[in-house]
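Asks: For reference, the structure I am asking about is given below.
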Amino acid sequence: MVSQLTDAFARKFYYLRLSITDVCNFRCTYCLPDGYQANGTNPHRFLSLDEIRRVSRAFAELGTEKVRLTGGEPSLRRDFVDIIAAIRENPAIRTLAVTTNGYRLARDVAQWRDAGLTALNVSVDSLDARQFHAITGQDKFRQVMDGIDAAFDCGFAKVKVNTVLMRDVNAGSLQTFLDWIKHRPIQLRFIELMETGEGGELFRRHHVSGEVIRQQLLQQGWQQQQRARSDGPAQVFCHPDYEGEIGLIMPYEKDFCLSCNRLRVSAIGNLHLCLFGEQGIPLRDLLADDRHLNDLKMRISGGLSTKKQTHFLHEGNSGITQNLSFIGG
């Protein structure tokens, strides 16, 4: 049995972000502005259900407590419910989450919960339907809002909403978002726009620091909360007058990487030690058969020896991440 995943800087890893597809049906300006472009290779190139079962088991036995399914849009997988159920076979995984654009939420969220999904993040970059359409390329604002309501109706106590913070788009809309979460158990997370290989011009035009939002929150009496060991990187704030919470994810902030607790596996089976790192470590040759489980765990744990102390975003180096659908953000 390999001990808890730990790197050379004594960081422990409890959280796996597992991409199950690169495909997305939205065309968000900061991610896939031209829509998903198939690369013409094998349509079965994404991890199969059995491969997902094996990789999740390996991580569970290495101390992983939380798995987040990402994409692309994970719910476009026809076997998405089966994937949820397969990962929930691991009792060590206490939290199983998905990040979704909300397109299929209203229709399917009850099935996801029944299969074992425990947490939900929905991407909503604007509360104005026309602006939502302009950002995503899809006139689906009402459908996504109905999906969030459906999540509450089927038993989710809280929903997280991801909002990419952009100058001249939504950075001046804090009060609108605060009004929305005042009586809703939503954790609204502002995520700083990150530079990717394909998004340099957009980054220069729209990047704004989350510090702007933090100062406004502190001035209005919001209090920062402690983070659990398997939580993501958000700084979370609460206020006694609000049912909802605000999260801030600021990857350009000093020491952002000090508390890194997460690893990534891409939809084609490569282990990525950082969202903005270089080429991943291939795992797929060890996912074909249950007999390779111990070798798989050794490759995962051994790979951590090469994890860098920090990303290099401040230097304009986004590694191999051409867009955020590639590894799953």
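Cβ atoms here come from the backbone N, Cα and C positions, even for glycine.
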Asks: Which of R11, R17 does Swiss-Prot put in the same GTP site as R68, T99, K160, R262, L263, R264?
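Replies: Among the candidates, Swiss-Prot records only R17 at this GTP site.
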Asks: Could you state the CA-to-CA distance between R262 (GTP binding site) and C274 ([4Fe-4S] cluster 2 binding site) to the nearest Å?
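Replies: With the alpha carbons as reference points, the distance is 8 Å.
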Asks: Let me know how many other Cβ atoms fall within 10 Å of the Cβ of C274 ([4Fe-4S] cluster 2 binding site).
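Replies: Looking across every protein chain shown, the total is 20.
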Asks: Around the C-beta of C31 ([4Fe-4S] cluster 1 binding site), how many further C-beta atoms are within 10 angstroms, looking at every protein chain?
Replies: 23
Asks: Give me the Cα-Cα distance between M194 (S-adenosyl-L-methionine binding site) and C31 ([4Fe-4S] cluster 1 binding site), rounded to a whole Å.
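Replies: On Cα coordinates alone, these residues lie 10 Å apart.
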Asks: How big is the Cα-to-Cα gap, in Å, between R17 (GTP binding site) and S123 (S-adenosyl-L-methionine binding site)?
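Replies: R17 (GTP binding site) and S123 (S-adenosyl-L-methionine binding site) have their Cα atoms 16 Å apart.
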Asks: Do you see any of the binding-site residues C24, S123, C257, C260 whose C-alpha is within 10 Å of T99 (GTP binding site), and which ones?
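Replies: Matched binding-site residues: S123, sequence order.
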